[in-house]
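Enquirer: Below is a structure I'd like to ask you about.
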Amino acid sequence: MPKRKVTFQGVGDEDGEDEISVPKKKLVDPVAAAGGPGSRFKGKHSLDSDEEDDDEEGSSKYDILASEDVEGQEAATLPSEGGVRITPFNLQEEMEEGHFDADGNYFLNQDAQIRDSWLDNIDWVRIKERPPDKHQVSDSEEEDSLGQTPMSAQALLEGLLELLLPRETVAGALRRLGARGGGKGSNSKGTGRPNSPQRLDRLSGLADQMVARGNLGVYQETRERLAMRLKGLGCRAQGSHDPTPPPSLDMFAEEVAEGELETPTPTQREEAESAGDGLMDVMWEYKWENTGDAELYGPFTSAQMQTWVSEGYFPDGVYCRKLDPPGGQFYNSKRIDFELYT
């Protein structure tokens, strides 16, 4: 308890009063005195004192390297010289995007990461993996897949004959079906036949497969010529089922019947056909007289024609032409070297 100092005047002073001197109180800043002697707190205290203490402890353990502490840095000079960019040797760009610790490890600033705000509105719990779609194959796709399936030569020829008119070429049939495809009357009702676009696609697919087999002149062939090809394939198939093979041509015989030369045997037909269908080899047809109404014989392979020419079966020569392309010019067999085509 503070002591009070009391002084008394003289006895004769009747008007004297007691003079009491009270020490003045010292105003102290509570914030400044927080760390002073006798204070309960060692430093500044606030509501975030716990976080501040953690930051102070972390800063003591994790030292950030200042750019001034790095030796050998250069100041920026010219931005470029002669079209070549000049970059000064310093850490200015790195310090803008991150920082180094005392050990030299580099850390990017987390604030620099770009985040799309719309991702926060997505409920990932409701998102489910989409099951695979079961593709339903339509009728048109099924027909397209069937059209691309490799077919035999006989099936191709039969399909072409079904779509062609008498004395009509494949190219002419394509023009006819293509012209009718856009008309209103293209769909034939009650006839049982598909409409013109479907027939056009089928004809185009069959012709493409014929070209892929090596028959490049199929677009100029008529229906009658394709029928002759199909007939030749049918004779070959019938001959393969015959258990009794026909007599082969005797090359050492003194005389050979003209009918044997005109009608190819199954062995000759097998040589005339390629590995599967006979559309890869160069085929020939010939006639004995160079007239428009002369009968044509064939088709025969180049090897068979060369054999007959070498053995003298055509002493006066015959008039030959290639089967592909159709409508070619006839030449005498004496002027043709069939070995060039074998």
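Every residue, even glycine, has its Cβ placed from backbone N, Cα and C.
What Swiss-Prot shows for this protein is this:
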- 1-64: region 'Disordered' (REGION)
- Lys26: SUMO2 cross-link (CROSSLNK)
- Lys44: N6-acetyllysine (MOD_RES)
- Ser46: phosphoserine (MOD_RES)
- Ser49: phosphoserine (MOD_RES)
- Ser117: phosphoserine (MOD_RES)
- 130-150: region 'Disordered' (REGION)
- 177-200: region 'Disordered' (REGION)
- Ser196: phosphoserine (MOD_RES)
- 281-339: domain 'GYF' (DOMAIN)
Enquirer: As a test of reading the model: what is the averaged pLDDT for the domain 'GYF' (281-339)?
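Expert: Across the residues of the domain 'GYF' (281-339) the model's pLDDT averages 84 on the 0 to 100 scale.
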Enquirer: Round to the nearest Å and give the CA-to-CA distance linking Ser117 (phosphoserine) with Ser196 (phosphoserine).
Expert: 56
Enquirer: So which one is it: of the modified residues Ser117, Ser196, which has the fewest other Cβ atoms within 10 Å?
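Expert: Relative to the other modified residues in Ser117, Ser196, Ser117 has the fewest Cβ atoms within 10 Å.
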Enquirer: Can you count helix, strand and coil residues in the domain 'GYF' (281-339) using DSSP?
Expert: 14 helix, 16 strand, 29 coil
